[in-house]
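Student: Features from TrEMBL:
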TRANSMEM  15-36  transmembrane segment
TRANSMEM  48-69  transmembrane segment
TRANSMEM  81-99  transmembrane segment
TRANSMEM  111-130  transmembrane segment
REGION    150-169  region 'Disordered'
REGION    201-272  region 'Disordered'
COMPBIAS  204-238  compositional bias 'Gly residues'
DOMAIN    274-333  domain 'SH3'
Amino acid sequence: MPPRGNEGYDFTPILTHYLFLFTTILAIAGWLTAFFSQIIATHRFGHGAVGVLWFSIFLQLFLIMGVLHTLASDSISMHRFQISTFGAIAVVFAVIGVNEGIFANDASLNAMSAGWLILSIVDILWVLYFTSEEDSLSLHIFNSMGTGGLTPPNRRRRTRGPSLHMGGNGYPSGGYASGGGIGPGDVPYDTKPASGMGVRSPGSIGGAGSITGNRSIGGGTGGAGSITGAPSGAGGDPGAASPLMNSNTAGVGAGGGLNSPERTSPGENAAGGEFSYKAKALYAYVASPDDPNEISFTKGEILDIVDKQGKWWQARKMDGTVGIAPSNYLQII
């Protein structure tokens, strides 16, 4: 699936989701019917026969364009409030448009009211969808018609900021040491495990240049910026008397610490547990190219799951591919 958001449009959600496909067709047909009928009615009876509906018709046009933009850019969580607000206002004007011509003895006014009736139905369906919570029955019913890979309404598209690089004093650069703190761009919107299956990639916790990279906390190279300071032996390992290397210490430097050298096998979770659950993919998901820990899967695919905790689950596909997957895209079976 091609990238969306600021990088381009993808109309797959509209073409593969029956709700949006039918409502888009109905909205365009209803708008054209109401628009041209209002032109004829204004020509025949003057401005008083249409009145405020000229404002309404262009409000409806902007609403339709906004919905198409939101779906094609997969930005529902960003625009759902605005669409719901303007959609509710458009419903009121649509009902006025229906009332203005439905009982008239003129074909142009009858056609105008028919167009507004179609638009009112479409507006109500859109408002119901964009105001639905992620686990609501209404959203489940709507998404049973297809999802097209849309991000759920309550989840923003994944955005990532730079990792917490360690400065020469052991603090995140630009962070506490300089009085800057951790800014909103320093962490992702969705909290994910730093390493899905023990794989440590650059830019994540445990990767080069991050918390447990070259300037690590308790172990590793023992270079400048680490707690252990200068290396005390070959390879930079702290001495045996160091409290950080005490086997009774459960903190940093001991087994299970931030820079533990032990890696988990692909069939185990971080605690050594086996894949004990199976889940079915409710929607298709495409892994982000910026995060090698994620995995892609198709709708209906069966995955092995380590546990059911958190928003990102450690999963394994039938072909043996291991990684992390968003929990709201999966259902335990």
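Glycine is no exception: its Cβ is also placed from the backbone N, Cα and C atoms.
I'd like these features described in context: how deep, what's nearby, how far apart.
Tutor: Within its own chain, the transmembrane segment (15-36) has Cβ neighbours under 8 Å at 53, 57, 60-61, 64, 67-68, 71, 97, 111-112, 114-119, 121-122, 125-126, 129, 142, 145-148, 150, counting only residues six or more beyond its boundaries.
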Student: Go through the chain and flag residues at least 6 beyond the ends of the transmembrane segment (111-130) whose CB is under 8 A from any CB in it; none is fine as an answer.
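Tutor: Answer is 19, 23, 26-27, 29-35, 37-38, 41, 50, 53, 56, 60, 63, 67, 76, 80, 83-84, 87-88, 90-91, 94-102, 104, 138-139, 142, 153.
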Student: Where DSSP helix means H, G or I and strand means E or B, what are the helix, strand and coil counts for the domain 'SH3' (274-333)?
Tutor: 3 helix, 26 strand, 31 coil
